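Engineer: Structure below; questions to follow.
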Amino acid sequence: MKLKRQKPKEKFSYDPQKVLKKLEDLAWKILEEAKSGKNPYFDVPTRGLNNVYFDEESRLIRLGDRLSRRYFLNVAHARKFMQTLILMAYIKRLVSEGKHASLREAYYANKHTVPGTRENTFEDQSESDPIIEDLERMLGVLREEMHITADRRGYIYGDIVIKDGEDEFNASKLGTGGWAVPGTVEHIQFPEINVDYVLVVETAAMADRLIEEKYPKRENCLIVATQGQASRGVRRLIHRLHYEEGLPIIVFTDGDPYGWYIYSTIKRGSINLAYLSEKLATPDAKFVGMTMDDIKEYNLENVTEKLKGIPPDKKGGPTGDYKRLIEELNYPWFQDKEWQRQLKLALKWGVRIEQQALANKSLEFVAKEYLPEKIREGKLLP
């Protein structure tokens, strides 16, 4: 199986004016309702599992159409209503001035005592963060497009040229540490791409191993290290590399329920961010490993780890890894027969297999045999 760059499927162009217009349209609506003597309100798409579904056609986890209405003249709603307007004004200022703020900065910048009262606008960041998520769903824009960022996590390494503001550089010439993916990647451009595909790797240790073994150069790929669950910035970057630049996406995680869920969020989206699946998920992604089949295929029985928790057939079970496996067995997006088989084998054997277990063969085994062989022969899970 030869992986190669394909024709781009979409072209993204960040336009701050569109974000400003959506903010202003919503603000004008509230103002007109107040001026006409009506009770101003926001319609907020409802969060939670009961408003999430798996869309078979798009192959994405999506948010349903349930709404909750938040009124100004309602004692139960008034505080959140005020907080929403405060953050809308703050975001408008950020976007207009071309500045960015972290979630923490957004909280502190807008925390103050309401004049004439002893009431604070925000008591804790746990109040401001959900309002920003509400605005994402109400406006249909990413938090990052509103110039609100989170801590950066993850890095990339490979022969692509990145344009970040006034800076332009090749991600294979920044040392073995690569380029750290920022919290927002909306402004990033890719003037030159000289790789055939993207290999997304769960652990930094495995990504470092592949870089040391010259895998990106030899296999002509871009390494994306997620360093655990992929951040929004990393997921958005993967999405853009596939849809805008036509690069196939291959994911490589530990063979356990958490590694498989990392793959699931990259491919299908997540329950918590179902409203952003269309912009963050990449349903064409494929999974190379680790799998339960790898244990037998590569004689790794002696380097497996026991699943954590209590099995379903024991008193108090299932808990831990076992509980997570059963949840995944029941998710609509894990119903493919190959995935069902992998999950059931993990339950039956009661083991997990880490990426680093391949070092039992040799340090270079993963880069020179395991990955090239599986990708070349198309041994990939959907």
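Using N, Cα and C of the backbone, Cβ positions are placed for all residues, glycine too.
These came from Swiss-Prot, pasted as-is:
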- 14-155: domain 'Topo IIA-type catalytic' (DOMAIN)
- TYR108: active site, O-(5'-phospho-DNA)-tyrosine intermediate (ACT_SITE)
- GLU202, ASP254: Mg(2+) binding site (BINDING)
Engineer: If you count the C-beta atoms lying within 10 Å of each candidate's C-beta, which of the binding-site residues GLU202, ASP254 ends up with the smallest number?
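Structural biologist: Least crowded of the binding-site residues GLU202, ASP254, by Cβ count within 10 Å, is ASP254.
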Engineer: If I take the alpha carbons of ASP254 (Mg(2+) binding site) and TYR108 (active site, O-(5'-phospho-DNA)-tyrosine intermediate), what is the distance between them in whole Å?
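Structural biologist: Here the two Cα atoms are 38 Å apart.
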Engineer: Determine the mean pLDDT over the domain 'Topo IIA-type catalytic' (14-155), rounding to the nearest whole number.
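Structural biologist: 94, rounded to a whole number.
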Engineer: Roughly how many angstrom lie between the C-alpha atoms of GLU202 (Mg(2+) binding site) and TYR108 (active site, O-(5'-phospho-DNA)-tyrosine intermediate)?
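Structural biologist: Taking the Cα atoms only, GLU202 (Mg(2+) binding site) lies 33 Å from TYR108 (active site, O-(5'-phospho-DNA)-tyrosine intermediate).
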Engineer: Does TYR108 (active site, O-(5'-phospho-DNA)-tyrosine intermediate) have same-chain partners at least 6 apart in sequence with Cβ under 8 Å from its own Cβ, and which are they?
Structural biologist: none
